[in-house]
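First up is the structure itself, then whatever we jot down about it.
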Amino acid sequence: MSELPAFWLRRPPDWRAHALRPLAALYGGVMRLRRYGYRKGWIRRGRLPVPVVVVGNIFVGGTGKTPLVAWIADTLAAMGRRPGIVSRGYGGRSREWPRRVAADSDPAEVGDEPLLLARGTGCPVAVGPDRVAAAQLLLAAGCDVVVSDDGLQHYRLPRALELVVCDGHRGLGNGLCLPAGPLREPADRLADVDMVISNGRAPALTPWWFELVPGPLRPLAADAAPEGGPEPGTTVHAVAGIGHPARFFATLEGLGYRVIPHPFPDHHPYRAGELRFGDDRPVIMTEKDAVKCAGLAPARSWFLPVEARPEPATRERLEASLARLHSLTNR
């Protein structure tokens, strides 16, 4: 989804949220019961001989997980580990699951975020609805630790470390479960995870946070010169098919661009005509969109890469948690 219903974010909850509270209570109860079943062993988890780090959320839509997953994978590699990344592959339409993701994979087959991670980290990446089966492909590739991009609610996947990413601006919305609010699980689920990390400072929610730092613009065309992108002050068409497009538009405005926003649904399968806006103004899109649009976008098109940068105390705690993975067992 590109934008959430406004009443999901309104505190205190308004009449629409209250009207849906019975359904939200039912949904939340089912999620609690399902998790309890896994904890008690009534529903069997998969088994993996290596530690698993789950990076997920309880808020629907984008919270900035994928850049943090890339940072975690890079950090593990710098520690001498052999990380692999597993993902559901949202948006992918492959007929064969699970499957490995290569740098030249078709995003329509494997999904945009897994392809972005494969290209950005150089780590083995595997996708599939059954993340345990996908993780087995990573073991065959020699990985000694698995990082799951999303999957907090995929309880069949065992985990040694659970990290939840929240949006520092939207927080937990109105604090209610679907369909009355934006939460995939009740808010008290956060008390059971190893670390809650906010994308942007949110002291009322957690002391741990990171920021997304934009890099220099890069052209979509492979044969284009890396320099020559639009200067700040230029009016640009901004394209974002992510969970929270407004955040991308605000980033461009913060860099000095005059933005004509074009929000699309998350994981949107673009067609060429959707990226032509009837003028010769430059187009800037997210890196996640760029992996799908290299052959579709107009000539004057760029993407804005971002990387996660944990603040010092958060970085220290994350590194300490990752360093002791060898002593942790999956649960």
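Cβ atoms here come from the backbone N, Cα and C positions, even for glycine.
According to Swiss-Prot, the features are:
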- Phe59, Val60, Gly61, Gly62, Thr63, Gly64, Lys65, Thr66: ATP binding site (BINDING)
Same-chain residues at least 6 apart in sequence whose Cβ lies under 8 Å from Gly62 (ATP binding site): Asp167, Ile242, Gly243, His244, Arg247, Asp266
8 Å Cβ shell about Phe59, Val60, Gly61, Gly62, Thr63, Gly64, Lys65, Thr66 centroid, ATP site members excluded: Asn57, Val165, Asp167, Asn199, Gly243, His244
Three-state secondary structure of Thr63 (ATP binding site) from DSSP? coil
All-chain count of other Cβ atoms within 10 Å of Lys65 (ATP binding site): 24
Its Cβ having more other Cβ atoms within 10 Å than any other among the binding-site residues Phe59, Val60, Gly61, the winner is Phe59
Among all protein chains shown, how many Cβ atoms are found within 10 Å of the Cβ of Thr66 (ATP binding site), not counting that one? 27
